[in-house]
Each structure stands twice: as C-alpha cells, then as structure tokens.
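Trainee: Dumping what Swiss-Prot says about this protein:
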{"type": "COMPBIAS", "residues": "319-329", "note": "compositional bias 'Basic and acidic residues'"}
{"type": "COMPBIAS", "residues": "354-366", "note": "compositional bias 'Polar residues'"}
{"type": "CARBOHYD", "residues": "Asn110", "note": "N-linked glycosylation site"}
{"type": "REGION", "residues": "319-366", "note": "region 'Disordered'"}
{"type": "TRANSMEM", "residues": "4-24", "note": "transmembrane segment"}
{"type": "TRANSMEM", "residues": "36-56", "note": "transmembrane segment"}
{"type": "TRANSMEM", "residues": "64-84", "note": "transmembrane segment"}
{"type": "TRANSMEM", "residues": "138-158", "note": "transmembrane segment"}
{"type": "TRANSMEM", "residues": "176-196", "note": "transmembrane segment"}
{"type": "TRANSMEM", "residues": "208-228", "note": "transmembrane segment"}
{"type": "TRANSMEM", "residues": "258-278", "note": "transmembrane segment"}
{"type": "TRANSMEM", "residues": "282-302", "note": "transmembrane segment"}
Amino acid sequence: MEGLVLLKALVTRLLFLLHSLVAVWRVTWVKEEHRYWLLALLNLLLVLETVLTLKFKRGRGYKWLSPAIFVYLVNIMPSLWLLEMHHGNQYCSTQSERMAQNFSRRGDVNQTLSSHRATNGMGNILELARGFVDNLSMVCEPVWTLGLHQTLLLILIIGRWLLPIGGTITRDQLSELLLMFVGTAADILEFTTETLKENNVRTNPTLVSGILVVWTWSMLQFPLDLAVQLKLVCPASVKARGFLRVFLCQYSADLWAIGLSFFIQDGPFLVVRLVLMIYFKVINHMLVFFAVKNSLVMALHFYRLVALIMATRDFMRDHPESPKPEHSGPDQPSESGPSEWEDASPEALPLRTSPVTSEESYPTTP
C-alpha cells in the first residue's frame, strides 16, 4: 500500500512536469527565441516539492492545501500568459490549410514508401513520430493555446484525483471536491474562450492583461480543499458563546463556498463581462447569457446566506444560553434550606418522623 501511494505521487507530479514543459516548448516555438526555455527552470520548484513530500509525508498530501497543484500552476501560468499576449489569430486559417496540405502530402509519401519499409518497423515508428511532431508544430496558435487551457483543467482534475489523500479529507469529501472542480473548470474555460476571442478585446493589450489577471485569480481555488474540509461539528462550548461563533462554526463550509462565488469566480467574472458590455461595447448573445448566469448564481448564494443567518437565529432562540451555576468558595460552604431541597428535587418525598416506643424498638425474647 505504501508503494502504491509513492507511485501515485510520482506519476501525478511527472504528468504536471511534462505538461508544463510542453507549454514552454510552445512558447519558444511561437516566439522563436531559445531564451524562453528558462521558464523550464520553474519546474525545479516541483522537483523540490516532490522531494520534501516524499521525505516528510511519505507521498501523502497536506491538510487544506495541495502544494503540488499550486507549484504546477506557478510553472504553467507564465507560458499561458505569453501565448495569450502573443497576437497570431490572423494566421490561423492559413496555417491550418498549410498543415492539412502537408499532412496529406506526407500521407501519400508514407503510403508509397510503406511497401519498401515493411521489414523496418522501427524506422516506420520514428517516421510517424517525426511527422506527428511536425504536424503539431504547424497547428495554428489559437488552437494550441485553447488546447493547453483545456488540458490544464483536465490535468488539474485528474491530478487531484490521483494524488494520495492526506490530512483529514475522506474519500467522500474527495469525490465531492472533484465534482466541484468539474463545474468550476467549465466556468473558467468558457470565461477565457468567450472573452478573449473577441477582436475588440485582442487588440487591447491592457484589457487582455486584465482578463488574464482575473483568470489567474480564479485558478487559485484549485489547490484549496477548504470547501469540503470545513464541515465541522460544533461542540457544546461553542454554542454558548454567541450568534457569530455558532454561525461561523456550523456553516463554515457553506460560507467558504459563498465566498468563492462572490470574490474568486462569479463576482470577478460578472465585473469583467459588465465592463466589456458597458464600457467597451462588446455585446453578443453568449456574453449576455453568461453575465445573467453569473448574476443568478450570486443571487442564489446571497439567498442561501440569508437562509443560513435565519437558521442560526432560530437555533439560538430555541436553545437559549443556560445560566452558569455559582460555585461557592472553599471557605464558604454552601448552605441550603428545606425550600431549596424541594426546588432542586421536586419528586423527592419528605421524611416524616414517627414516634418509636421502647417496646417497639427491641424485640422481646420469650
């Protein structure tokens, strides 16, 4: 079992490393400058994190945070920023046609030479691999960038699934977290694709940078597990300390989910879309639809917040704080009269005195 944990930890981090290297390779290909290979040095952080995790945690994760996912985002974010800031949309159709022509021409050549290389299996494999790499390099830039965005989100979900469970998270909580990640990834992907594909946006580097800042900010929720690990059972001592403590203790996970929607995802996304529509006059039916969707989600979260506040208020009203008993000091012994005995134990029966004669006290002997 320990070996399986170590294997899953290594395989997941290797997947992160390979994907970030592919992104760096694409940046160097687009920019045509080898100095961008220096971005690969960021992967040393992932190597360091792997060594520390294997040494101190035996491959298992941490509580409330996944350092591997955080370092992976640090590695790949600069490459995606450079690709998004590089303007190459106008060459997409030309490059796609050229790639299709080269692919068909190369396929005809391979069919002609296949009969002459029937016995050389390794040569065919190398030729196919070389042709595959050449075809990938000819794919137009927007398609490459979109593919990197899509694979990034898929690898985040699969990687979080494969990473060994650590801390206090359970399998049930992990499955709930992964389902949340799927919905979050879909929202983030449509935000980047729908906003950055507009020509009015692409021609404004400041606006592109602002959208990428919001996108980067929204990606920071993936390394956190607070939405499922903050489901606590409040002890009795907390329930006697006031409304705010009870509210924060009972609904900490719900409050974290509401905060994510307001300040990390739906709130910033709505602000960006409103700025595009009102200030920059970028209006289309998809942008309007997703703006309404973000508004509706935030309204529902606000409705839930009000419902949680009312539920806590009803709980405090039904469970009032009981008065604390007064403890007497060591030098002041407590004294109580008969009236206090009757109040303390109403079901107790009072003792009645009955006269006992001397004859009834002791049995007589014959």
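Using N, Cα and C of the backbone, Cβ positions are placed for all residues, glycine too.
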Trainee: Which stretch from 64-84, 138-158, 176-196, 258-278 shares the most C-beta pairs under 8 Å with the transmembrane segment (208-228)?
Mentor: 64-84
Trainee: Apart from its near flanks, which chain residues at least 6 from the ends of the transmembrane segment (64-84) lie with a Cβ under 8 angstroms of it?
Mentor: 12-13, 16-17, 19-20, 23-24, 26-27, 30-31, 36, 39, 42-43, 45-46, 49-50, 53, 141, 144-145, 148-149, 152, 155-156, 159-160, 163, 167, 196, 208, 212, 216, 219-220, 222-226, 229
Trainee: Suppose I define contact as three or more CB-CB distances under 8 A, residues 6 or more apart in sequence; do the transmembrane segment (138-158) and the transmembrane segment (4-24) meet it?
Mentor: yes
Trainee: Are there residues at least six beyond either end of the transmembrane segment (36-56) with Cβ under 8 Å to its Cβ atoms? List them, or say none.
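Mentor: Cβ under 8 Å, 6 or more out: 6, 9-10, 13, 16-17, 20-21, 24, 27-28, 67-68, 71-72, 74-75, 78-79, 82.
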Trainee: Using a Cβ cut-off under 8 Å, which residues of the same chain at least 6 positions beyond either end of the transmembrane segment (258-278) come close to it?
Mentor: 184, 187-188, 191, 195, 198, 201, 207, 210-211, 214, 217-218, 220-221, 227, 287-288, 290-291, 294-295, 297-298, 301-302, 304-305
